[in-house]
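Here is the structure we will look at.
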Amino acid sequence: MEGRRLSQLDRVIINFDDALRTVFGQPRTTERASPASGIAEGALSEKERRLSGCLMRVNHAGEVAAQALYQGQALTARLTEIRKAMENAAREENEHLVWCQQRVQELGAHTSYLGPFWYGGSFVIGALAGMAGDKWSLGFVAETEHQVVKHIERHLDRISAQDAPSRAILEQMKEDEARHATVALEAGGVELPSSIKALMGAASKVMTRTAYWI
């Protein structure tokens, strides 16, 4: 579809394809190499390995949700440059998704069985945020990323120092998420009301606690 302006229907179809790729197939990425490439894993106990698997499953579920949030916002964004920024961020989130999926498998764990639910719910939230206006949509991105950074920091505190591959992935994700937040604010994002922040935090806890086990 290069060379012509995409219609809203085109974007809906592309979003549907991205949803299928994210939840069931191979998502679109910029093909950046995993930070864990070439990093040796230390001697993990069975307990440490199980904990890492559960936490990386949570991170994978979070990236499924992040991908959906960005795609939902891109679909309803009013300004073309905002839409493109959301789509580019979604590609980078997909890199995180692939990295986490690979690491989950290496740890002998499985990704969340509720992936379609995480994607669908987050896509709707993202679309609604986009409909509220670009400044609020960008503010939503910034707050989401701030919360994700804190969440990653908590995981880094729990994952064994012997699990160098998982830690390398999380450190890079933390850096990327912090940058997304800064870019969103610099592009005109506004700070969200404390009540919205609290609601976002509560929803995040439900997802992380559920994905830890399922």
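Yeah, the Cβs are placed from backbone N, Cα and C, and that goes for glycine too.
E145 is the residue from E48, E143, E145 that Swiss-Prot records in the Fe cation 2 site together with E93, E177, H180. Swiss-Prot names E93, H96, E177 for binding Fe cation 1. Of E41, E46, E63, the residue it gives for the same site is E63. Counting every protein chain shown, the number of other Cβ atoms lying within 10 Å of the Cβ of H180 (Fe cation 2 binding site) is 24. Here the Cα atom of H180 (Fe cation 2 binding site) is found 10 Å from that of E93 (Fe cation 1 binding site).
Between the C-alpha atoms of E63 (Fe cation 1 binding site) and E145 (Fe cation 2 binding site), the distance comes to 11 Å.
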